[in-house]
């Protein structure tokens, strides 16, 4: 039997961050858990919240680190080890400043683009070679600090679009699990 895939939604814990741009990964992970009909439980060895199940006929471990974004790797790496998931079978769902708001892109490896959550995961795993579901939040307006921008709630014009974007990102994640990176890229990047 094939080892599971590890699907991690990045975000920050706590109600203060729940509706911020930086928490899109958590929002999509919550949606995927709902599709599985399961509730997150704390994984004792890693401290992350996890759900196990099947997406697109594939065994998956869905996780949300319970630490702050810039420390995500300290919970993701132990999960990968516990479930014997190599980095290439890790999918990280995260917000992306370098994509227009609502745009979804799939990627394998590469740089972190200033994303501290990705940096932490790559450092803890010792490699950048893992899959990513990138969800565009766009660049901040004017000279606003990106670190401030990602921790703000979505703007009034953005807010109504967030549920649809999360649905599309969840669909993209399931497609990635089902058919693999290149075929999924061909379909998702045409949306």
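Backbone N, Cα and C atoms are what each Cβ position is placed from, and that goes for glycine too.
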Based on Swiss-Prot, name the residue from 116, 153 that is recorded for the same tRNA site as 17, 68, 70. 116
The most crowded of the recorded positions 12, 70, 116, judged by neighbouring Cβ atoms within 10 Å of its own Cβ, is 12
By a simple count, how many Cβ atoms lie within 10 Å of the Cβ of residue 68 (tRNA binding site), its own Cβ left out? 16
Cα-Cα distance linking residue 68 (tRNA binding site) and residue 12 (site 'Discriminates between blocked and unblocked aminoacyl-tRNA'), given in Å to the nearest integer: 5
